[in-house]
Protein chains: 2
Amino acid sequence: MSTAVSPLAVPFPDMPPIAGVAFATAAAGIKYSDRRDVFLALFQPGTTVAGVFTRSKCPSAPVDWCRAALAGGSARALVVNSGNANAFTGRKGRATTEAQAALASAAAGCRPNEVFIASTGVIGEPLDPAKFAAVLPDAASRVAEGPWIDAARAIMTTDTFPKGATRTVTIGGVPVTINGIAKGAGMIAPDMATMLSFVATDAAIAAPALQALLSQGVQHSFNAVTVDSDTSTSDTLLLFATGRAAGAPAITDPTDPRLEAFRVALDEVLTDLAIQVARDGEGARKLLEVHVTGAASDESAKRVALSIANSPLVKTAAAGEDANWGRVVMAVGKAGEPADRDRLSIYFGDIRVAHEGERDPAYSEALASAYMKNDVIVIRADLALGNGKARVWTCDLTKEYVAINGDYRS
Amino acid sequence: MSTAVSPLAVPFPDMPPIAGVAFATAAAGIKYSDRRDVFLALFQPGTTVAGVFTRSKCPSAPVDWCRAALAGGSARALVVNSGNANAFTGRKGRATTEAQAALASAAAGCRPNEVFIASTGVIGEPLDPAKFAAVLPDAASRVAEGPWIDAARAIMTTDTFPKGATRTVTIGGVPVTINGIAKGAGMIAPDMATMLSFVATDAAIAAPALQALLSQGVQHSFNAVTVDSDTSTSDTLLLFATGRAAGAPAITDPTDPRLEAFRVALDEVLTDLAIQVARDGEGARKLLEVHVTGAASDESAKRVALSIANSPLVKTAAAGEDANWGRVVMAVGKAGEPADRDRLSIYFGDIRVAHEGERDPAYSEALASAYMKNDVIVIRADLALGNGKARVWTCDLTKEYVAINGDYRS
């Protein structure tokens, strides 16, 4: 496994405490030695929760657990581990989630269905609940309001840098903060992936409203990122609202106008984290931002954008710094969406390389090649059919991706 | 570009002449120097034709040409070139196909719509018709009944070995032969890819019946092969029937019982060629045969099989000789088809590694790892839900794939 940090890494931000959230990390020795691999967060009573999960038909045991627990709308504890996904582990897997919930509910003094669980790592290996029994009580005795970078590090698998984002805005004049962490970095595809992200705020928002905000926010952030088109069994995005910001108004309606800044900030946190996941795509050397404009609809634009972003030929061309727009045409064509070859234009950055069905007469190969040397490459396809548009992010496909995934288990 | 021959290459077969077919190859210098890059075939009057093409919404000019010409049902000439796909070339592209058809129809003494055209190679570069004017008249004067390997070589791009298949069977007691050639090797995905294949027989079969046979035969052959999920602008499979086998009965009904052996032989030729394309997948070191059984329907099984076969994580695991069945579970789950995690079994070859939702207790990692060292790996997923089944072929995903595609144009 590679140990070099992605050249696209961004610094971890300064993240302030969130009133009502305390956490600790621990080294349970689940797979990795010499590192902390468990993250335990405790939430004050009254914390609401929302979640979005993988669409896999073979979800992990923790995903099943969280989906069921979410119905209660209340959260008091979160237990996350890296190194083992507790997926495709049958009855043993369900027993492990029950044991994790029992341990955490004892520590937090809450009901088991107020405990949320996420696991990431190898699929199909039993996850021993004794590993949690050995560390959770002690971790619960050590919880503190920071540092968030420790939590971000504890949930990493093949990630090469910890991922965090934070925003502070006001709701009804009261400052509230949103902190989020995430891990990638392979098996990342729309509708989530082995992507775990945990976001907490001290705003006071009822669970149904929180869910509405999250479900909407995920569409243009985590659901617009793909690394390799593979969808994990374990994708989990949870949003916790403690309501502990002093004086924060209690919001129950997701369309409440007082939420305007909060909604924008939440979307920014989610998008920031999602792009960091693409920046840390396995083996990534370049971040690709794919814009599709002029599509028949926004939905059509997104399918075309994902077809481009998931194309191995587009991604390897980017790795080779090759302005191979013909492959972008191919990817537009294979999407199966309305497209007219003879109206299509393709841009790399501001350079229009193809226009109305053929190479742009003014196209400079030298300029386009120079552009491809950038770390961040914007590819735009304008279909010139309608007003639909979409933006998705991915990374290039390098030999390092193959190396990382060719010997992940060994 | 790699020049090493795929370790999965198979020998080119001895291919007998097809009565009514004569061909020649020529070096037109379209992209490659020092090799023949044009293939011209002439068919005797009365030759019928069937075709299947890419589903891309941005097809190449030759695909547009062939689709229109196919309506006539009659073929007298075929012009193929490698090195330039004449795709996304706008009005110039259409003009080039018209020029090619004029040259070939003059040589063959036929109507332009009896000429079929295919081009493979770089997208978006104008294809100069003068290249064909310079070689087609001479080629037409040199046509002969073989050797077929010359034709197979002339249509190669990143292929590392020429691909051919042949069968001889009887129709109504009369021996007839089917010869086919194909080229891959990247941008190969179901519903064809930059895959060109040309099949000829001396059987006498009316065009509509020929089309029915071809459309059916392609489902379990070329439409069951994927290299990288990318679909080309140029996929073309053409089947020509000269009717010149002495005494061959004229068949007009695709369900004619006299066609039984022919149908089987045609399917074998198509499947043989399709598997050769997977064997020559860019950078391939292993051939993967994916079987899905127990699915809700055959269609559902095929979607699950393609989800497995297109998964970069499954393909990189194969490259790493890693029996990572967890990724197969992931790929089953992401297909979106009916699947029950707790009934699923996964096999590598005859080794059952997972059963009823968890690792098979009898599973031997050592045996599975030894199996993964084979050149041909059979992955089976049994969903235990119904009787649907499907089989698809692909290859592993190696660093060489990235290298080949990272600097294809340069």
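Backbone N, Cα and C atoms are what each Cβ position is placed from, and that goes for glycine too.
Note that TrEMBL annotation is computational and uncurated.
The substrate binding site feature in TrEMBL is assigned to B:Thr157, B:Lys183, B:Thr194, B:Glu282, B:Asn405, B:Ser410. The DSSP secondary structure for B:Glu282 (substrate binding site) is coil.
Residues or ranges marked as active site, nucleophile in TrEMBL: B:Thr194.
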For the binding-site residues B:Thr157, B:Lys183, B:Glu282, return the ones with C-beta distance to chain A below 8 angstroms, or 'none'.
none
State which of the following binding-site residues has the fewest other Cβ atoms within 10 Å around its Cβ: B:Thr157, B:Asn405.
B:Thr157
Rank the binding-site residues B:Lys183, B:Glu282 by the number of other Cβ atoms within 10 Å of each Cβ, and give the residue at the low end.
B:Lys183
